[in-house]
């Protein structure tokens, strides 16, 4: 075999190992229950069934949780895109006092461990409940707010490079053509930083979608407002886990992110490279 | 940078206002509260209003720092993060280089698998790994012929398993970023090196590595920050920190102290200590960025 042939064979083997847990997840979700808890697990099944998916969707009303997760993630992505784009524009295209301090602050807040902040945030959401219930404990709004706050610093930091890369001459030309600052912002700048916006939205989406901790801490007594990661835990029992349903739930949870990733993967690679280069 | 115009400051402020509002309310204020809570004896009775708050000053901190438990957990956290970071960087870098050496179809296969691992939510990923390594029904034990062996019982084996899962889901970021970095090195630079008669090793160490240095710094520090703060994997895979809390890391420890033991003050103090440690890392990060020519 040529050296490249060897490298390709190695690559494929590694890819198989990396993908194996995902294969196992889908396979287990499709196996009949008896095969799942067999002491002699086989890497295939001759009797695929959707029973586990049915259990996950009916016993645990996954549909409802899926919808909640989608609502939170989509709202977070949209708000974070809008707010971070404006902020990144301000931080790169204007000079004002305190700009550097702000940039440093944005980096610093990323270091604060989210898990420690759950303590004060829990108390904050408890008091918000009395003023604006939708943003307080047990409501999805509380999750939107915290995920927005935690994804903004990284989003702004990342978008900054993309906005800075747009030449100033473009803005001068647009101004000469009589475009208002606002029009330039949305019609020229916004489309130009698209790869950055894609990379940013992927990261905000994952952030909100994967959250286990805040949902666990904030949504305490309103089961109908739970999100997906929490629903999975219900099938985990001390005596006997319902592995089939857990894997069906995991599959349902992973598919939307995977689809999103595959749709944007080219732009994501470009976005990451751009963010790092800038 | 745009030429300065009149009213720039005001417009900039208007653009920044939404971000500042969210960050001040949901990051700034909670950080202030965290420090404040850490100075009080804040337990279940205080939360429910049954007992008045007692100011302890640095009491929670002295209590914490005098615990053998805290130092053990701190050591575990640093060790665990170090193993995860090293593993992630090594796997990510090796595979990024490998990806540049193969044809598109092989590279796409690898990238798709990696995207899959990356896209898997932490809770789902942790659960899948647990099942793969399950004592009785796990595929891994079946293949190794070690049926009945519990991968989560022994402290270090359990840590190893969690670390492997963390590397699995975080190497793709490093791989994709470094791959993009390597591809962005202009072909002429490499041709020039080849014309000068540089060997592969020489090209790698004195041409490619220096060019990738800023990128390597970014992915290293990001990994340090992420892996120091691992929560979900430990929480899910070791059932909240392992038997008798043997697999605790600071993050999970703080959470358990606050929400399971209702010692909010002590939990907050652990959070503050962690923040300070991570800030030290940030300072290192900023210095590295400055040195590599990043203009703030």
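Numbers here mean position along the shown chain, with the first residue as 1.
Cβ atoms are placed via backbone N, Cα and C, with glycine included.
In TrEMBL, the feature transmembrane segment is placed on B:12-32, out of the ranges B:12-32, B:33-53. Against the transmembrane segment (B:70-98), stretch B:156-182 has more CB pairs under 8 A than any other of B:110-132, B:156-182, B:203-225, B:264-286. Counting residues 6+ beyond its ends, the transmembrane segment (B:110-132) has Cβ neighbours under 8 Å at 95, 98-99, 102, 138-140, 152, 161, 164-165, 168-173, 175-176, 232-233, 236-237 in the same chain. If you look at the transmembrane segment (B:203-225), the same-chain residues 6 or more away from its ends with a CB under 8 A from one of its CBs are 81, 84-85, 88-89, 92, 170, 173-174, 177-178, 181-182, 185, 189-190, 193-194, 278, 281, 284-285, 288-289, 292-294.
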